[in-house]
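Visitor: First the structure, which I've put down as structure tokens, then a few questions once you've had a look.
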Amino acid sequence: MNWGWLGANSGRIFQLAGDHLVIALPAVAIAFFIAVPLGWLAHRSGSAREALVVLTSLIYVVPSLAMFILMPLVLGTSILSPLNVVAAMVFYGIALMVRSAADAFDAVPKDVRQSANAAGYPPLKRVTAVELPLAGPGLLSGLRVVAASTISLVSVGALIGVQSLGTLFTEGFQRSFPTEILAGLIGTIALALIVDSALVLLGRVAMPWTKARS
């Protein structure tokens with residue numbers, strides 16, 4: 001490990017970490033807010049569930065590099081635009097999150113739904129005030145998986161020239177410089193751990209009843 005190089009390039013490493021988050025965090029958020037309603041639909045309808053499972057499975061088997069190259073053709077963007085990576089990460093995030101969301105809604109006890117219906121809750125209020133809070137722990141677990149996966153996959157975007165911590169991988173390999181490669185690897189892992197910790201904290205704040213139950 002070349003500590004001198006790390007000290008001299010610490011500013012650039014932090015800049016690349018920021019670029020990494022600018023791509024990953026919006027993609028995770030967009031994927032979550034799209035996938036949760038789709039997961040609820042899959043929970044409610046068996047035919048919708050089958051169709052969504054097939055579709056999301058097909059999306060997830062597409063190699064990430066191929067997806068990054070395909071996005072400019074779909075979006076009309078430059079091949080170097082970070083939007084290509086964001087869009088690809090949204091698709092992958094949805095593919096992961098839909099099943100988790102459906103399982104989370106499946107875990108809500110039927111008697112709770114029946115009690116909400118008996119209390120006169122309209123469908124939308126039942127979902128937002130009863131089902132969604134009870135599905136929260138499962139949704140959070142799925143979101144944590146999506147966040148970790150997205151932060152990892154964003155690095156691949158460096159292969160098409162999109163700046164992120166993955167840039168340290170590509171440059172390190174080109175120069176046969178292990179310190180740069182390790183900096184990218186450790187930085188990516190650190191980002192994933194920081195974001196995961198933030199999500200856990202957010203879950204405790206948003207769902208205090210889960211902490212009390214545990």
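Glycine too: its Cβ is placed from the backbone N, Cα and C atoms.
Note: TrEMBL annotation is automatic and uncurated.
Below are the features listed in TrEMBL for this protein:
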TRANSMEM  20-40  transmembrane segment
TRANSMEM  52-73  transmembrane segment
TRANSMEM  79-98  transmembrane segment
TRANSMEM  145-169  transmembrane segment
TRANSMEM  181-203  transmembrane segment
Visitor: Are there residues at least 6 beyond the ends of the transmembrane segment (181-203) whose Cβ is under 8 Å from a Cβ of it, and what are they?
Guide: 1, 6, 9, 13, 16-17, 20-21, 24-25, 136-137, 140, 143-144, 147-148, 151-152, 155, 165-169, 172-173, 210
Visitor: Restricting to the same chain and to residues at least six past its boundaries, which positions have a Cβ under 8 Å from a Cβ of the transmembrane segment (52-73)?
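Guide: Counting only partners 6 or more residues beyond its ends, the transmembrane segment (52-73) has Cβ contacts under 8 Å with 38, 41-42, 79, 81, 83-85, 87-88, 91-92, 94-96, 98-99, 102, 153, 156-157, 159-160, 162.
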